[in-house]
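So that you can see what the record holds, here are the features copied from Swiss-Prot:
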- Ala14, Pro15, Ser16, Gly17, Gly18, Gly19, Lys20, Thr21: ATP binding site (BINDING)
- 7-185: domain 'Guanylate kinase-like' (DOMAIN)
Amino acid sequence: MVSDNSGNLYIVAAPSGGGKTSLVKKLIEMVGEIEVSVSHTTRPMRPGEKEGVDYFFIDEEQFISMVNEGAFIEHAKVFNHWYGTSVAQINKRLQFGIDVVLDIDWQGAEQIRHAYPDAVSVFIIPPSLDALKERLMNRRQDKDNVISERMTKAQDELGHYPEFDYLIVNDDFEKAAMELQSIVIANRLRIEKQANKQAKLLSFLLSSQ
């Protein structure tokens, strides 16, 4: 259980190649007091990735063991690899008043919303399927058959957009980044958030009348 002054939880989801990871990294650079939750995964490390920064890379046996121990608030199998979000990682940050952003897929987002009803969810979509395919090809991480599989799955994933609170079209990266930042800032300024955070100031101002 988190306190009234706890941090906010944000979910950012998108089809593979939608740009959510780049947008989340930009958000962390632009906004203070917010951190990305590092997920556990059984997939191999990609070039440029770092252990404990991009993911915690573990084998399937370790992953299943953590599932059985209840270590994950959500977990899902995506493209034959497991991904999971640690309960402890989220709650520790929220309890210290730090905002947490989750870079996950729609399946994980669904599980997170059940556990954290106040979480703010954002779905990122590409300007077109052609643009999405081009991004997947430009990453040079997957073979043609894997890209085709990702494109087929993307069309199914896009159908889940109504389940989210906000929708951002990632056509212009800088514009999309500003829109994501605006969502975070606006949520921080909601009355129920500010009433707790600014309780002393409000009490002083009202008692001075």
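Placement of Cβ uses the backbone N, Cα and C atoms for every residue, glycine included.
Of all Cβ atoms in the shown protein chains, 15 besides its own fall within 10 Å of the Cβ of Thr21 (ATP binding site). This prediction places the mean pLDDT of the domain 'Guanylate kinase-like' (7-185) at 92. Residues Ala14, Pro15, Ser16, Gly17, Gly18, Gly19, Lys20, Thr21 make up the record's ATP site, and a Cβ search at 8 Å around their centroid adds Ile124, Pro126, Leu132, Arg135, Asn170 from the same chain. With a 10 A radius on its CB, Gly18 (ATP binding site) counts 24 other CB atoms from all the protein chains. Secondary structure from DSSP puts Thr21 (ATP binding site) in a helix. With a 10 A radius on its CB, Gly19 (ATP binding site) counts 23 other CB atoms from all the protein chains.
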